[in-house]
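This report concerns only the one structure given below.
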Amino acid sequence: MSSYGAIGVDDNDTDPLLDDEPPRRLPPAGGVPIGRRRAISASQIGSVPSQSVTRQPYLFTGGLGLRDESLLSLHSEDDLHREHNNALRYRLYNRLDPGGEHLMMPDHVLPPNLFSILPFEELKDVSGKQGSIVTIFSIWNTMMGTSLLAMPWALQQAGLVLGIVIMLVMAAICFYTAYIVIESPKRLQDLSIDPLMAEFSDVCKSLFGRVGEYCAVIFSVCVLIGGIIVYWVLMSNFLYYTGAVVYEAMQPNSTTIPVMENKTFTCDVYCPEQTSQWTIPQWEKQIYDAVSELEGGETGEDSWSFDKFWTLRGTVPIYLAVALFPLMNFKSPTFFTKFNVLGTISVMYLLMFVFSKLLECGVNMDFTNPNSMHYVQLANMHFPALSGTLTLSYFIHNAVLTILRNQKNPENNARDLSIGYCLVAFCYVFIGFTFFAAFPVQRSCISDNFLNNFGAGDVLSSTARLFLLFQMITVLPLLMFLVRSQLFYAIFGETWPGAVRVIILNVLLIGIAVGFATFYPNVGSILRYVGSISGLVYVFALPSMVYLKQSAAAGTLTPLKKYAHYGIVAIGVLNLIAQFVI
């Protein structure tokens with residue numbers, strides 16, 4: 001929990017209270033209620049009837065503005081400030097909900113540490129809050145996802161100059177709409193919603209009713225499911241190549257990596273085979289061959305060969321599903337949040353990896369000769385591939401309120417968000433431009449996962465695959481938890497409606513992910529379509545409509561503001577249409 005302005009929240013505030021003795025006398029009007037406060041232990045919570053647990057008077061011995069030397073000797077500045085905030089918070093909650101029987105933290109409000117890069121609570125300050133540095137890097141870490149691997153491909157689709165311009169323009173638009181999201185709870189006129197704990201779906205529900213809430217939840221879940229699919233495709237890829245390296249290393253006198261045979265090497269970069277996007281594994285033939293071998297219909301020393309049971313688009317995605325399914329069913333993902341810092345480390349590694357390839361291969365760009373292998377297009381008509389990908393790449397709108405809820409200084413929210421977006425834009429431009437500039441063969445060979453441009457025998461790329469595989473395994477349960485929390489709360493009103501329903505949902509999600517990894521493992525296309533569809537609603541439309549609605553209610557809406565925000569929605573619509581037209 002966190003504070004906005006003078007009203008703060010302490011972690012102990014969620015503890016139920018017992019009434020040890022009758023409330024003490026209240027001070028004059030405007031004072032703080034005085035009584036005695038005692039938290040129930042974990043063993044006592046279950047024994048206390050729910051109807052008897054109400055908000056009791058809060059004891060704040062420091063008064064409002066009282067600075068006594070004896071008091072300061074017993075309590076630290078942070079303790080006094082926190083208690084002062086709690087007293088004010090008590091008064092606010094008492095006005096919203098006299099008696100304290102109804103106002104509580106909603107189940108769908110996510111814990112702020114879910115996105116924090118600090119692995120342990122002990123690293124936070126005494127108030128349990130995080131400073132601006134941690135907040136900025138949490139925003140940066142949350143946005144820097146799988147689309148980083150597709151950025152050189154997306155830049156090649158748009159052309160060098162046009163691509164960089166689109167990267168910066170999309171960053172500015174997404175930052176602005178994310179800023180609208182973080183400001184929207186404070187502008188609510190609905191007193192039944194606590195602006196400290198409100199999610200953006202609550203804002204949409206307050207302004208547009210159930211339709212607005214469901215739109216926010218559905219398209220937030222769509223983004224998360226798209227992330228799960230991309231993760232599964234990439235994890236299958238990383239596991240396949242890692243397994244190939246291990247198997248080849250175990251062979252006697254092996255000097256050739258099978259996946260690298262008959263390739264033309266330049267700076268350890270090669271052009272992967274161009275296969276049809278709709279190539280479907282021959283499942284029936286594979287099953288028939290396996291049955292024939294079991295019946296003795298075929299014999300041979302390679303009838304049970306490694307290549308037959310270790311296929312990128314056949315068996316590996318299924319092996320992954322069997323191995324990871326138990327991790328998806330934990331009720332709480334707290335353990336996996338300890339590994340959030342791995343995201344920061346992996347991004348740093350990729351930045352150094354790409355820069356090392358630039359030093360190794362040099363700059364290979366020709367702006368004058370269209371027939372040159374190194375010719376660079378400054379603009380390309382396939383730019384919607386980049387704009388669609390960036391919509392998802394800059395998407396943090398469904399998590400930004402959760403991240404900033406733990407901010408120690410909420411007045412810095414806008415500044416920290418802008419710095420976070422600047423860091424993300426820099427990383428995308430750096431990765432995209434550096435790999436693009438150094439690529440030593442025709443740029444049509446750039447893969448939508450740039451690690452595919454390196455063979456399994458490349459040490460740096462193999463290390464990146466192994467590290468990213470482990471990092472994605474720790475992040476995947478968090479994505480599944482977010483989908484489960486938002487979906488089940490919208491349907492059943494609770495985030496854990498029972499183990500059976502959770503398992504059924506997880507089976508469906510993993511089945512979808514395995515299907516994409518098998519039949520359509522095109523990371524770039526998945527990113528652009530999910531980004532353009534979900535981004536239209538959650539990045540462009542909903543924040544703009546919320547701003548217009550709140551400005552109209554406040555009497556500050558001008559024609560310029562109206563048409564500017566209609567223009568943002570129009571950009572989202574054109575971005576979606578362009579994915580299927582251009």
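Note: Cβ is positioned from N, Cα and C throughout, glycine not excepted.
Annotations in TrEMBL come from automatic prediction, not curation.
These features come from TrEMBL:
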type     : residues : note
REGION   : 1-34     : region 'Disordered'
COMPBIAS : 10-20    : compositional bias 'Acidic residues'
TRANSMEM : 133-154  : transmembrane segment
DOMAIN   : 135-242  : domain 'Amino acid transporter transmembrane'
TRANSMEM : 160-182  : transmembrane segment
TRANSMEM : 214-234  : transmembrane segment
TRANSMEM : 310-328  : transmembrane segment
DOMAIN   : 321-578  : domain 'Amino acid transporter transmembrane'
TRANSMEM : 335-355  : transmembrane segment
TRANSMEM : 375-396  : transmembrane segment
TRANSMEM : 417-439  : transmembrane segment
TRANSMEM : 459-482  : transmembrane segment
TRANSMEM : 502-520  : transmembrane segment
TRANSMEM : 526-548  : transmembrane segment
TRANSMEM : 563-581  : transmembrane segment
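Listed by sequence, the residues of this chain that lie at least six past the ends of the transmembrane segment (502-520) yet keep a Cβ under 8 A from its Cβ atoms are 225, 228-229, 231-233, 236, 277-278, 280-281, 313-314, 317-318, 320-321, 324-325, 328-329, 480, 483-484, 487-488, 496, 526. Remote same-chain residues near the transmembrane segment (214-234) are listed as 145-146, 149, 200-201, 204-205, 208, 317, 320, 392, 395, 398, 449, 468, 472, 475-476, 479-480, 482-483, 486-487, 490, 509-510, 512-514, 516-517, 521, 523, 526-527, 530-531, 533-534, 537-538, 542 (criterion: CB distance under 8 Å, separation of at least six residues from the stretch ends). The transmembrane segment (375-396) is in contact with the transmembrane segment (417-439), judged by 3+ CB-CB distances under 8 Å for residue pairs 6 or more apart in sequence. Between the transmembrane segment (160-182) and the transmembrane segment (526-548) there are at least 3 Cβ pairs closer than 8 Å, counting only pairs 6 or more residues apart in sequence, which means the two stretches are in contact. Between the transmembrane segment (133-154) and the listed ranges 335-355, 417-439, 459-482, 526-548, 563-581, the one holding the most Cβ pairs under 8 Å is 417-439.
Sequence-distant contacts of the transmembrane segment (459-482) (same chain, six or more residues past either end, CB-CB distance under 8 Å): 110, 114, 146, 224, 227-228, 231, 234-235, 237-239, 241-242, 245, 324, 327-328, 330, 333, 336-337, 339-340, 342-343, 345-346, 349-350, 353, 356, 451, 506, 509.
Through the fold, the transmembrane segment (310-328) approaches residues 232, 235-237, 239-240, 243-244, 247, 279, 281, 283, 286, 473, 476-477, 480, 506-507, 509-510, 513-514, 517-519, 521 of its own chain, all at least 6 residues removed from its boundaries and within a Cβ separation under 8 Å. Across the domain 'Amino acid transporter transmembrane' (135-242), DSSP helix (H, G, I), strand (E, B) and coil residues number 92 helix, 0 strand, 16 coil. Proximity of distant same-chain residues to the transmembrane segment (563-581), defined by a Cβ-Cβ separation under 8 Å and at least 6 residues beyond the stretch ends, is recorded for 173, 176-177, 384-385, 387-388, 391, 528-529, 532-533, 535-537, 539-541, 544-545, 547-548.
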